[in-house]
Amino acid sequence: MKALAKLRPEEGIWMMDAPMPELGHNDIMIKIRKSAICGTDVHIYNWDEWSQKTIPVPMVVGHEYVGEIVAIGQEVNGFHIGDRVSGEGHITCGYCRNCRAGRRHLCRNAIGVGVNRPGSFAEYLVIPAYNAFRIPDNISDELAAIFDPFGNAVHTALSFDLVGEDVLITGAGPIGMMAAAVCRHVGARNVVITDVNAYRLELASKMGATRAVNVAEEKLTDVMIELGMTEGFDIGLEMSGAPSAFRAMLKAMNHGGRIAMLGIPHEPMSIDWGEVIFKGLFIKGIYGREMFETWYKMSALIQSGLDLSPIITHRFHIDEFQKGFDAMRSGQSGKVILNWDEAYTRHTSSCMCVDCATRHT
């Protein structure tokens, strides 16, 4: 089968002819319709320090996708051939204390699809049936393909009550932008997002941010005055992994504020713990999605009118994967979709014909 893989311990990702994955008794096999490129995939492409320590070579990568079930293991119940599914990318052990207590998102032994085991940049993917999530009929393939990062945004944003609150999001990557959309949708008052990337800040405004702030050009304190904020932010969502952004967040938080952290610093960082202690701040770490409460919330948010469509900015056929990675690596993109439909090759990725418009929904 056709697949994208990390074949060599150097920069790049390559197309290869991979063997079909083997189906276990408790597994399902998914024929992939659409994949999306994650920031993690870019790290793997770049072969940075984290990738060198983490990624086995060679291996098929990718973990954002939607497809249909084409085979079912003999012990599987609840799924049928033809079901349209995405899947939870963290495969848990099922026997550690957290798993047995129903907190599988905190599994001590979780392994990642496309990180520790073969991934979804392939024509076919096999995962445990437990990890599959059936996509409602009124949610498009494109949105379903980005449920993994959308789930990160939902888990982070909905960690705290948002109604009427002032929210600061540091980091306008795709997850930060989707978190901004979630916050506004569920009733936050002001949603301020910060970054230094002008393209993504403009896109964040389209996603619903009250103010998108380029901290290289504006002071966050001036924006707070502009918005009539006198006591600081109630909620902080740290999405950047940048120590300077987190330190700025701590200074901008109101007393008793709550912070959820998804961004991963590249190295250990120091902060002024006095800001945390004397303000009585609550800090929560976020890793992935809650299984499967976050997935049901994702579906409900979209079904209740949350519009994520601006976040998908580029579309390519899988054979044009290099263009997709170039777009992601440029920093001038939102989410990039790779289509596995062979009919898609008849048109360009920006084609506006009726057939392509249908495929893009």
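Cβ coordinates are placed from backbone N, Cα and C, and glycine is handled just like the others.
Taken from Swiss-Prot, the feature Zn(2+) 1 binding site applies to CYS38, HIS63, GLU64. Secondary structure from DSSP puts CYS38 (Zn(2+) 1 binding site) in coil.
Residues or ranges marked as active site, charge relay system by Swiss-Prot: THR40 (among others). Residue environment of THR40 (active site, charge relay system) contains 23 other Cβ atoms, counted within 10 Å of its Cβ in all protein chains.
The feature active site, charge relay system is assigned by Swiss-Prot to HIS43 (among others), with sequence analysis given as support. DSSP gives HIS43 (active site, charge relay system) a helix state. Long-range Cβ neighbours of HIS43 (active site, charge relay system) (same chain, at least 6 residues apart, Cβ-Cβ under 8 Å): TRP50, SER51.
Cβ environment of CYS107 (Zn(2+) 2 binding site): HIS90, THR92, CYS93, CYS96, ASN98, CYS99 lie under 8 Å away, each six or more residues apart in the same chain. Among the features that Swiss-Prot reports, Zn(2+) 2 binding site is placed at CYS93, CYS96, CYS99, CYS107, with the record citing sequence analysis.
All chains included, 20 other C-beta atoms sit within 10 angstroms of the C-beta of GLY263 (NAD(+) binding site). Here Swiss-Prot flags ILE175, ASP195, ARG200, LEU262, GLY263, ILE264, ILE286, TYR287 as NAD(+) binding site.
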Task: Densest Cβ neighbourhood among CYS93, ILE175, LEU262 (binding-site residues), 10 Å radius - done: ILE175
Open item on the list: Can you check which residue among the binding-site residues CYS38, ILE264, ILE286 has the largest number of Cβ atoms within 10 Å of its own?
Closed with: CYS38
- [ ] Just name the winner among GLU64, ASP195 (the binding-site residues) by count of other CB atoms within 10 A of its CB.
- [x] GLU64
Task: Greatest C-beta neighbour count within 10 angstroms, which of the binding-site residues CYS96, CYS99 - done: CYS99
